[in-house]
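Just below is one structure, and these are the notes that go with it.
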């Protein structure tokens, strides 16, 4: 019947009593500076007329110039130019037409007033320490009720809390609670205005005690319960611990119960009757404990269990209006008809009221009215309107008729058949008008809609809806076409690609052949294009997202989605922050950028410390990708900027924004390599390595130099310099000093360097080594011995003993020996055997050599000589080889003879070499050759009585014995440097491979040319010389009928042939300039002295070519 009512209300021709559809809240707060609006909207047929009551009396809106009512509405607009307070009242809207009157709630209109605390002088509050204290807030009442909070320069303590009414409670006042700025603030939510009370001054003195009591509080249902532990207002020091119980048991865990203010307050959301009980807070400290009990009672304003609903009845039908509600205390129910109490309304015998139920039997048109139900108790009221409309109407089907519905197989189609009639018609669905649809798959709803579950192809057809009552009948039909469902057979697949790749999403569809479909691609709910397959070329980060393939037909829509993730270099880190600064370190933090779907594997940290040329970034270190904070070790007195680069497998991100500039602090580096060295006999130079600019750690760097005599009791002396050296004068010769250096700048002294020992300058030694002697004289070395000198005579550090050696009265060498043995000695090497030497020894310090010792003269014995010089191999005759040589460069004694070995090079393996022992005056030897191809290997060495010296080995060159028998062979010569001398190396050119190859090529070309000439002549053809000449020729004689040329000048041809037989063979042309060839590859006529036209040659006679061919063969 409720569905029937909704259709009835939508019909413009069906009468309808009024219904309130919109109204203002019961407690309506407005700003008098603006237009005050009280809303009231209603509907009905005919359209209702509106009127208002103010404070229970009729309000004549037309006579009030500051009030107007909107057209076709009951909404009031109150402008209140003058005296807006007169409109603060209780208003009620009445909507009426011919079939009844509907009433709105009673709307209480209240004006918003700017909250202002009264100007008052607050005397200082003096309280003893340890006693409780309450600071009252008393904010302006509103409307609406404000939210309060306290502010002060004192910090929030455990013994301070705020009460439900906004007062500030001190459980026990302490001395540090004394302040002059305790201010209560009130926030008014209507305008979001905050007002502050005059500050309260609190002075703390001494303490006293008060008692505790039990209270009872009442709360409304669905409101917030706030319970404060009042025991804190009267308790001693120390501050107690608080615990809560309900009816003797723990509160238990509940999402509605919250403990606030350090257990000083309990808040319960949406109070219910289950929250009734005794809540006890127990405060405990070392002195004892005390309890405060709060009894909570929950009351409720009326609330609906079932509201009365509108009824549309046919004559003689029965109806009932229910008005069920509840509350605490239980509300009373009152009924009204068109706003008039039912007790004073016209009695109707078919109407009966029984508490919260109004019953109508066998209704007539006189029962048409708007009935009001009012339920109320001491905490509020509820008012509901419901009309009863008595109609007699024939059935009518609402909406479209003869519809065609296309559905998908397996779906749940709904066939609408909305209808209206009074009395309520009966409804019947059938297929093709036959029978009634029955079964589990067919369901008829109360509003007339037919639902078919899991529709099949065989369910296709025409369905008939028939409604009827005693007043008549109506019908409508719906035709259904069942289609095969659309299926996505190929779904797009999610992908992860590298930026710049091509992407292809596929979306294959299977659908009913009679149903056209469209394919649309969407990216993140935005339409991109209409194609079955989506191709994205050169994908970038902007292409990333969810791609959805939407298949749409007129009946359904299917979709399939895939996500595209584009892998790229990571985004740069952000929000670089420096913290925890120390003298030589700082912590750098950053927020990592997006990895762009590829894990970050590392972080590269760069820095810039150049104040003059910023932007020169350098790599500092590389860290793992999961780190977002590192500690950096820095150089003091340097301005740093840092930036971070993220790295993944794709590449490196762009650098982050630089961090703030950071300067590390004070210096802490010591000068290195401190040493003291004398440069003159009475001074000492103290030097050190300079500190780099990064190590300065401050401006105006200088060095503080300290020194004192070693092993003495004198005080340290010091001097400051900006240079890297400092000189001490008037020092004794070679005296040890303790020295140290430290860096100094404007910020102070740096650490001292370790103490090192330096020596003043040295002087010339006073004595020479004594008793110099030699032993173990060998040909190339000798052993020396001498006595040490005393340390006192060194005048410095004994650096070494130096031996000076003279050879044949010339100074040739010196050698130093360290002082590392109490009986010094040394071996002098590199001597020449069989020579006379003179030597002496001196002692040396770091600057000077001392006087020389006694001279020693000695001779070295003989040794073995070096190799003979200028070894030469010559061929003076065709059948012999001659060798000779000179004396060795270093005889190393008296030459007693020479040893000569020789052996043929092409002899079989195992043949022994021949040895010739020669006297010292013989320096040559001759060997007879067996043939011209025999070569020899010679080895020669000089001898002394000590033994044989170094061997000199050399091989003879290749000689030929037929140089005079070949008139056409030319010899080439080359000089070879052997053992300091020069010799002639003759080479037979006819045995060279390159020459044989050229001759073969020339012979082949001549042979081919002759064959071509013979073939041309035998066929009577003409030799095509005319085409090959690069100069103009005379016309060919055409008179010769045989097709041959008349060649003349046979003498020239013979001259040419003679040139081929001359001593100057073709080799001259091969080794000289290139042979000029004609264009056809021939070289006819190139051997003549002058160039002549080919027509001048006479080839009529017999050519004697054998001479030229023989010459070629002989050359080959």
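In case you wondered, yes, glycine gets a Cβ from its N, Cα and C as well.
Bear in mind that TrEMBL entries carry predicted annotations, made automatically and left uncurated.
Quick caveat, the model's predicted, so the values are computed rather than measured.
TrEMBL assigns the feature transmembrane segment to residues 993-1015, out of the candidate ranges 947-969, 970-992, 993-1015, 1016-1038. Summarised by DSSP class, the composition of the domain 'Fibronectin type-III' (768-863) is 3 helix, 46 strand, 47 coil. Taking every recorded stretch in 18-110, 302-389, 485-561, 670-763 and counting its Cβ pairs under 8 Å to the domain 'Ig-like' (118-183), the highest total belongs to 18-110. The DSSP breakdown of the domain 'Fibronectin type-III' (572-668), given as helix, strand and coil counts, is 0 helix, 44 strand, 53 coil.
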